[in-house]
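Q: This is the structure, below, for whatever I ask next.
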Amino acid sequence: MGSTVEPPGGAYLHLGAVTSPVGTARMLQLVFGCTTLSLVAHRGGFAGVQGTFCMAAWGFCFALSVLVLTCEFTKLHGCLRLSWGNFTAAFAMLATLLCATAAVIYPLYFTQLQCLPKPAGCMARDFRLAASIFAGLLFLAYASEVALTRARPGQVASYMATVSGLLKIVQAFVACIIFGALVHDSRYGRYVATQWCVAVYSLCFLATVAVVALSVMGHTGGLGCPFDRLVVVYTFLAVLLYLSAAVIWPVFCFDPKYGEPRRPPDCPQGSCSWDSQLVIAIFTYVNLLLYVVDLAYSQRIRFVPTL
(Lines of atoms letter the chains of each structure in order from A and count residues from 1; the text may use other names and numbers.)
(Lines give C-alpha, C1' and ligand atoms only; values in the text may rest on other atoms or scores of the structure.)
Protein backbone atom coordinates (compact mmCIF):
# COMPACT_ATOMS: atom_id res chain seq x y z
CA MET A 1 0.00 0.00 0.00
CA GLY A 2 1.45 3.35 -1.01
CA SER A 3 2.36 5.95 1.50
CA THR A 4 -0.25 8.63 2.23
CA VAL A 5 2.02 10.88 4.23
CA GLU A 6 1.58 14.53 3.26
CA PRO A 7 4.63 16.34 1.98
CA PRO A 8 6.40 18.52 4.57
CA GLY A 9 5.15 22.07 5.00
CA GLY A 10 8.38 23.49 3.67
CA ALA A 11 7.51 22.20 0.22
CA TYR A 12 4.73 24.75 0.01
CA LEU A 13 7.06 27.66 0.71
CA HIS A 14 9.37 29.37 -1.74
CA LEU A 15 12.52 30.30 0.16
CA GLY A 16 13.93 31.97 -2.95
CA ALA A 17 11.29 34.67 -2.48
CA VAL A 18 13.39 36.07 0.39
CA THR A 19 16.90 34.77 -0.36
CA SER A 20 17.23 35.72 -4.05
CA PRO A 21 18.49 39.19 -5.07
CA VAL A 22 14.93 40.27 -5.91
CA GLY A 23 13.70 38.82 -2.62
CA THR A 24 16.39 40.71 -0.72
CA ALA A 25 15.33 43.93 -2.43
CA ARG A 26 11.72 43.29 -1.40
CA MET A 27 12.74 42.59 2.20
CA LEU A 28 14.63 45.88 2.25
CA GLN A 29 11.52 47.60 0.89
CA LEU A 30 9.55 46.36 3.90
CA VAL A 31 12.26 47.38 6.36
CA PHE A 32 12.81 50.84 4.91
CA GLY A 33 9.09 51.41 4.32
CA CYS A 34 8.13 50.49 7.86
CA THR A 35 10.96 52.58 9.29
CA THR A 36 10.02 55.63 7.24
CA LEU A 37 6.36 55.42 8.19
CA SER A 38 7.22 54.92 11.86
CA LEU A 39 9.64 57.85 12.01
CA VAL A 40 7.15 60.23 10.44
CA ALA A 41 4.15 59.01 12.42
CA HIS A 42 5.96 58.89 15.78
CA ARG A 43 7.77 62.22 15.97
CA GLY A 44 8.57 63.53 12.50
CA GLY A 45 5.06 64.68 11.69
CA PHE A 46 3.45 65.77 8.48
CA ALA A 47 0.82 68.28 7.40
CA GLY A 48 -1.05 69.55 4.38
CA VAL A 49 -1.45 68.00 0.97
CA GLN A 50 2.27 67.33 0.59
CA GLY A 51 2.58 65.39 3.84
CA THR A 52 -0.60 63.45 3.20
CA PHE A 53 0.66 62.46 -0.25
CA CYS A 54 3.97 61.19 1.19
CA MET A 55 2.27 59.11 3.87
CA ALA A 56 -0.27 57.75 1.37
CA ALA A 57 2.50 56.82 -1.09
CA TRP A 58 4.60 55.07 1.55
CA GLY A 59 1.58 53.30 3.05
CA PHE A 60 0.34 52.10 -0.35
CA CYS A 61 3.77 50.80 -1.36
CA PHE A 62 4.31 49.08 2.00
CA ALA A 63 0.92 47.36 1.91
CA LEU A 64 1.39 46.03 -1.62
CA SER A 65 4.98 44.98 -0.87
CA VAL A 66 3.68 42.87 2.01
CA LEU A 67 1.13 41.31 -0.36
CA VAL A 68 3.74 40.60 -3.06
CA LEU A 69 6.27 39.06 -0.68
CA THR A 70 3.60 36.98 1.07
CA CYS A 71 2.24 35.62 -2.21
CA GLU A 72 5.74 34.86 -3.48
CA PHE A 73 6.79 33.11 -0.27
CA THR A 74 3.63 31.01 0.04
CA LYS A 75 3.16 30.53 -3.74
CA LEU A 76 -0.39 31.84 -3.43
CA HIS A 77 0.07 34.02 -6.51
CA GLY A 78 -0.72 30.93 -8.57
CA CYS A 79 -4.30 31.17 -7.29
CA LEU A 80 -4.76 34.75 -8.45
CA ARG A 81 -6.40 35.44 -11.80
CA LEU A 82 -3.77 37.80 -13.09
CA SER A 83 -0.39 37.76 -14.77
CA TRP A 84 1.90 37.77 -11.75
CA GLY A 85 5.03 38.78 -13.67
CA ASN A 86 3.24 41.76 -15.21
CA PHE A 87 1.71 42.75 -11.88
CA THR A 88 4.97 42.73 -9.90
CA ALA A 89 6.88 44.56 -12.66
CA ALA A 90 4.18 47.24 -12.95
CA PHE A 91 3.96 47.69 -9.19
CA ALA A 92 7.74 47.95 -8.76
CA MET A 93 7.90 50.70 -11.38
CA LEU A 94 4.93 52.58 -9.90
CA ALA A 95 6.37 52.28 -6.38
CA THR A 96 9.71 53.58 -7.62
CA LEU A 97 8.04 56.69 -9.04
CA LEU A 98 5.88 57.26 -5.96
CA CYS A 99 8.77 56.83 -3.54
CA ALA A 100 11.04 59.02 -5.65
CA THR A 101 8.42 61.79 -5.54
CA ALA A 102 7.89 61.40 -1.79
CA ALA A 103 11.66 61.32 -1.18
CA VAL A 104 11.87 64.75 -2.82
CA ILE A 105 8.71 66.31 -1.40
CA TYR A 106 9.15 65.36 2.28
CA PRO A 107 12.64 66.85 2.76
CA LEU A 108 11.68 69.88 0.67
CA TYR A 109 8.64 70.77 2.76
CA PHE A 110 9.38 69.32 6.20
CA THR A 111 13.13 68.91 6.75
CA GLN A 112 15.47 71.65 7.89
CA LEU A 113 18.81 71.78 9.68
CA GLN A 114 17.62 74.14 12.41
CA CYS A 115 15.64 72.89 15.38
CA LEU A 116 11.88 73.29 15.09
CA PRO A 117 9.97 75.64 17.42
CA LYS A 118 8.83 74.16 20.71
CA PRO A 119 7.22 71.85 21.65
CA ALA A 120 8.57 69.85 18.67
CA GLY A 121 12.14 71.03 19.11
CA CYS A 122 15.29 69.30 17.93
CA MET A 123 13.90 65.81 18.36
CA ALA A 124 11.28 66.35 15.64
CA ARG A 125 14.02 67.79 13.41
CA ASP A 126 16.15 64.67 13.93
CA PHE A 127 13.22 62.35 13.20
CA ARG A 128 12.48 64.21 9.98
CA LEU A 129 16.11 64.01 8.87
CA ALA A 130 16.15 60.28 9.59
CA ALA A 131 12.84 59.81 7.75
CA SER A 132 14.24 61.64 4.73
CA ILE A 133 17.28 59.34 4.67
CA PHE A 134 15.17 56.18 4.87
CA ALA A 135 12.79 57.55 2.23
CA GLY A 136 15.76 57.80 -0.12
CA LEU A 137 16.83 54.24 0.75
CA LEU A 138 13.27 53.06 0.11
CA PHE A 139 13.37 54.58 -3.36
CA LEU A 140 16.68 52.81 -4.06
CA ALA A 141 15.21 49.48 -2.89
CA TYR A 142 12.33 49.72 -5.35
CA ALA A 143 14.62 50.97 -8.13
CA SER A 144 16.90 47.98 -7.57
CA GLU A 145 13.95 45.60 -8.03
CA VAL A 146 13.11 47.29 -11.33
CA ALA A 147 16.72 46.93 -12.43
CA LEU A 148 16.88 43.26 -11.38
CA THR A 149 13.59 42.21 -13.02
CA ARG A 150 13.84 44.28 -16.20
CA ALA A 151 13.93 42.13 -19.33
CA ARG A 152 17.34 42.04 -20.99
CA PRO A 153 17.85 42.24 -24.78
CA GLY A 154 16.85 38.96 -26.41
CA GLN A 155 15.17 37.68 -23.24
CA VAL A 156 11.57 36.47 -23.40
CA ALA A 157 9.65 38.03 -20.52
CA SER A 158 6.33 39.48 -19.44
CA TYR A 159 5.39 42.70 -21.21
CA MET A 160 5.51 44.96 -18.16
CA ALA A 161 9.10 43.84 -17.47
CA THR A 162 10.25 45.17 -20.84
CA VAL A 163 11.41 48.75 -21.36
CA SER A 164 8.21 49.45 -23.30
CA GLY A 165 6.07 48.12 -20.46
CA LEU A 166 7.95 50.08 -17.78
CA LEU A 167 7.64 53.22 -19.87
CA LYS A 168 3.85 52.80 -19.86
CA ILE A 169 3.86 53.27 -16.08
CA VAL A 170 6.04 56.36 -16.36
CA GLN A 171 3.81 57.81 -19.09
CA ALA A 172 0.71 57.36 -16.95
CA PHE A 173 2.49 58.89 -13.95
CA VAL A 174 3.56 61.94 -15.96
CA ALA A 175 0.00 62.28 -17.28
CA CYS A 176 -1.24 62.41 -13.66
CA ILE A 177 1.15 65.31 -13.02
CA ILE A 178 -0.29 67.07 -16.07
CA PHE A 179 -3.84 66.50 -14.81
CA GLY A 180 -2.89 67.89 -11.41
CA ALA A 181 -1.60 71.05 -13.05
CA LEU A 182 -4.69 71.27 -15.28
CA VAL A 183 -7.08 71.39 -12.35
CA HIS A 184 -4.91 73.95 -10.56
CA ASP A 185 -6.23 77.06 -12.34
CA SER A 186 -4.60 76.36 -15.71
CA ARG A 187 -7.39 78.14 -17.65
CA TYR A 188 -7.37 75.46 -20.30
CA GLY A 189 -10.99 76.21 -21.22
CA ARG A 190 -10.24 79.58 -22.79
CA TYR A 191 -9.52 78.19 -26.27
CA VAL A 192 -10.67 75.20 -28.25
CA ALA A 193 -7.03 74.48 -29.04
CA THR A 194 -6.09 74.02 -25.37
CA GLN A 195 -9.19 71.89 -24.86
CA TRP A 196 -7.87 69.68 -27.68
CA CYS A 197 -4.64 69.29 -25.70
CA VAL A 198 -6.63 68.15 -22.66
CA ALA A 199 -8.42 65.63 -24.87
CA VAL A 200 -5.02 64.36 -26.07
CA TYR A 201 -3.74 63.94 -22.51
CA SER A 202 -6.92 62.14 -21.46
CA LEU A 203 -7.12 59.82 -24.47
CA CYS A 204 -3.49 58.76 -24.26
CA PHE A 205 -3.74 58.26 -20.49
CA LEU A 206 -6.82 56.05 -20.79
CA ALA A 207 -5.24 53.99 -23.57
CA THR A 208 -2.04 53.55 -21.55
CA VAL A 209 -3.98 52.46 -18.47
CA ALA A 210 -5.92 50.00 -20.64
CA VAL A 211 -2.67 48.48 -21.95
CA VAL A 212 -1.34 48.09 -18.42
CA ALA A 213 -4.63 46.65 -17.12
CA LEU A 214 -4.89 44.11 -19.95
CA SER A 215 -1.29 43.03 -19.33
CA VAL A 216 -1.72 42.68 -15.57
CA MET A 217 -5.01 40.79 -15.93
CA GLY A 218 -3.47 38.47 -18.53
CA HIS A 219 -6.12 39.23 -21.16
CA THR A 220 -3.81 40.32 -23.97
CA GLY A 221 -4.17 37.03 -25.82
CA GLY A 222 -7.93 37.37 -26.37
CA LEU A 223 -8.03 40.63 -28.31
CA GLY A 224 -8.37 39.04 -31.74
CA CYS A 225 -5.22 40.85 -32.89
CA PRO A 226 -1.57 40.49 -31.83
CA PHE A 227 -1.11 42.58 -28.71
CA ASP A 228 2.38 43.74 -29.64
CA ARG A 229 1.07 45.05 -32.98
CA LEU A 230 -1.72 46.97 -31.23
CA VAL A 231 0.80 48.46 -28.81
CA VAL A 232 3.00 49.70 -31.65
CA VAL A 233 0.05 51.25 -33.50
CA TYR A 234 -1.25 52.93 -30.35
CA THR A 235 2.21 54.24 -29.42
CA PHE A 236 2.66 55.70 -32.91
CA LEU A 237 -0.71 57.48 -32.66
CA ALA A 238 0.20 58.73 -29.17
CA VAL A 239 3.41 60.24 -30.55
CA LEU A 240 1.42 62.12 -33.21
CA LEU A 241 -1.17 63.31 -30.68
CA TYR A 242 1.43 64.48 -28.16
CA LEU A 243 3.36 66.17 -30.95
CA SER A 244 0.28 68.25 -31.75
CA ALA A 245 -0.16 69.13 -28.06
CA ALA A 246 3.54 70.03 -27.77
CA VAL A 247 3.04 72.61 -30.51
CA ILE A 248 -0.42 73.90 -29.62
CA TRP A 249 -0.15 74.26 -25.82
CA PRO A 250 2.89 76.60 -25.71
CA VAL A 251 1.51 78.73 -28.54
CA PHE A 252 -1.86 79.35 -26.88
CA CYS A 253 -0.37 79.82 -23.40
CA PHE A 254 2.86 81.76 -23.97
CA ASP A 255 2.51 83.53 -27.33
CA PRO A 256 1.74 87.25 -26.77
CA LYS A 257 -1.27 86.99 -29.10
CA TYR A 258 -3.04 84.47 -26.84
CA GLY A 259 -1.27 84.33 -23.49
CA GLU A 260 1.61 85.60 -21.39
CA PRO A 261 5.21 84.91 -22.47
CA ARG A 262 6.43 85.83 -18.94
CA ARG A 263 4.98 85.58 -15.47
CA PRO A 264 2.51 88.44 -14.88
CA PRO A 265 3.72 90.86 -12.20
CA ASP A 266 0.53 90.42 -10.16
CA CYS A 267 0.79 86.62 -10.23
CA PRO A 268 2.10 85.16 -6.92
CA GLN A 269 4.55 82.30 -7.32
CA GLY A 270 3.06 78.90 -6.48
CA SER A 271 -0.56 79.95 -6.93
CA CYS A 272 -0.57 81.29 -10.45
CA SER A 273 -2.18 79.96 -13.61
CA TRP A 274 1.03 80.78 -15.51
CA ASP A 275 2.93 78.30 -13.31
CA SER A 276 0.42 75.56 -14.07
CA GLN A 277 0.66 76.24 -17.78
CA LEU A 278 4.46 76.05 -17.61
CA VAL A 279 4.35 72.73 -15.73
CA ILE A 280 1.96 71.30 -18.33
CA ALA A 281 4.19 72.45 -21.18
CA ILE A 282 7.30 70.90 -19.62
CA PHE A 283 5.68 67.55 -18.89
CA THR A 284 4.03 67.50 -22.32
CA TYR A 285 7.51 67.43 -23.82
CA VAL A 286 8.60 64.85 -21.24
CA ASN A 287 5.76 62.52 -22.21
CA LEU A 288 6.37 63.12 -25.90
CA LEU A 289 9.96 61.98 -25.42
CA LEU A 290 8.79 58.95 -23.43
CA TYR A 291 6.39 57.91 -26.19
CA VAL A 292 9.09 58.32 -28.85
CA VAL A 293 11.48 56.12 -26.84
CA ASP A 294 8.63 53.66 -26.25
CA LEU A 295 7.95 53.47 -29.98
CA ALA A 296 11.60 52.74 -30.68
CA TYR A 297 11.77 49.94 -28.11
CA SER A 298 8.38 48.41 -28.98
CA GLN A 299 9.71 47.50 -32.42
CA ARG A 300 11.97 44.77 -31.04
CA ILE A 301 10.43 43.42 -27.84
CA ARG A 302 9.43 39.80 -27.35
CA PHE A 303 7.21 38.87 -24.46
CA VAL A 304 4.88 36.12 -23.27
CA PRO A 305 1.37 37.41 -22.35
CA THR A 306 0.76 34.72 -19.72
CA LEU A 307 3.95 35.25 -17.69
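From the backbone N, Cα and C atoms, a Cβ is placed for every residue, glycine too.
The domain 'MARVEL' feature in TrEMBL is assigned to 17-154, 159-303. What TrEMBL records for 47-70, 82-109, 129-148, 160-181, 193-218, 230-252, 278-297 is transmembrane segment.
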Q: Average the pLDDT scores across the domain 'MARVEL' (159-303) and report the rounded value.
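A: Looking only at the domain 'MARVEL' (159-303), pLDDT averages out to 87.
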Q: Sort the residues of the domain 'MARVEL' (17-154) into helix, strand and coil with DSSP and give the three counts.
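A: Each residue of the domain 'MARVEL' (17-154) counted once, the result is 114 helix, 0 strand, 24 coil.
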Q: On the DSSP side of things, how many residues of the domain 'MARVEL' (159-303) fall into helix, strand and coil, could you say?
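A: Helix, strand and coil residues of the domain 'MARVEL' (159-303) number 110 helix, 1 strand, 34 coil.
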